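Here TrEMBL flags Asn60, Tyr63, Glu64, Cys118, Thr153, Arg206, Ser217, Ile218, Lys219 as Mo-molybdopterin binding site. Marked as domain 'Oxidoreductase molybdopterin-binding' by TrEMBL: 81-235.
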Amino acid sequence: MAYRWTNTLTKADVTPKSAYLNRRQILAGTIGLGAIGLAGGAAAQGNLEPNTLEEITSYNNYYEFGTGKNDPAQNAHRLVTSPWSIKVDGMVDNPGDYALDDLLAGLSVEDRLYRFRCVEAWSMVVPWNGIELADILDRVGVQSRAKYVAFETVVQPENMIGVQRRVLDFPYVEGLRLDEAMHPLTIMATGIYDEPLYNQSGAPIRLVVPWKYGFKSIKSIVRITLTDREPPTSWNKANAREYGFYSNVNPNVDHPRWSQATERRIGGGLFAPRQDTLMFNGYPEVAPLYAGQDLSVDI
Ligand code: MTE
């Protein structure tokens, strides 16, 4: 099964979970992305081997539930995800507090197998189920003055040990330029492997922007705001020198404290070679969004 990023996937193209798992077992230990030698771009997509659900849901960043990689898996059962509503405000025709089901009703859920590259230089491959953000934005009616989309994560202080400890300035906030938000690669994920998102993965709905470092993919979203100003973002607020607004995956621009040229594939085993990091994380189709920008300046 060659998974593609395109928005043309139909339900018939979807590999059932059992088939994923069988294939995973057959290939386990024999083929890794490094061995395949990813060249980047759509051609490489067919070779993507998904991480297991266990890997995807036990090695997480969700600072509201602690800073250790296993803390979210331990603590996120405390997140209350039902009922869930999302406030949509700012420069939209139809602002309001939407029950999640109402906001998504009738929109098509797609299967997207995406590389996921954390700014910390580890990576996974995740089979998401999600809805194109553009479909949601079309539903609420973006006004022509809007230039950016801002997102906000829920805060449940009594349930979130990381919020109690103030490890970041919460709520966690993120943002995209409107053209990035409308790009067909950008999804709001509601599931992984055809199961609803686990809490530690950002239940019930989180952003996924596969060509950007993972911290842009904000979890458990309760507010979407259309604005004409570049919105503040959590990691930029925490350390502006190290984390910019764009945060496109770029092997040529190192983090001030480590190289971004290579990455460690989670689940690859202790002795697996690091693999090369790809420009835009292997999604060169987004390059036109940044025509005329110097991506060593607009980090
Ligand atoms: N969203 C919230 N609300 N809080 C967080 O701490 N961490 C970000 C991002 N979204 C984070 C978040 C970071 S740094 C990464 S790498 C990804 O979530 C991790 O997603 P995963 O745990 O599903 O792999």
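Any Cβ shown, glycine's included, is placed from N, Cα and C.
A map of TrEMBL features onto the structure.
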residue : record                        : DSSP (3 states)
Asn60   : Mo-molybdopterin binding site : coil
Thr153  : Mo-molybdopterin binding site : strand
Ser217  : Mo-molybdopterin binding site : coil
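For Thr153 (Mo-molybdopterin binding site), the same-chain residues that are 6 or more apart in sequence and have a Cβ closer than 8 Å to its Cβ are Glu64, Phe170, Pro171, Tyr172, Val173, Ile218, Lys219, Ser220, Ile221, Val222. When other Cβ atoms within 10 Å of the Cβ of Ser217 (Mo-molybdopterin binding site) are tallied across all protein chains shown, the result is 24. Within the set Asn60, Tyr63, Glu64, Cys118, Thr153, Arg206, Ser217, Ile218, Lys219 that the record links to Mo-molybdopterin, no two Cα atoms are more than 19 Å apart, and one pair reaches that distance.
Across the domain 'Oxidoreductase molybdopterin-binding' (81-235), the prediction's mean pLDDT works out to 98.
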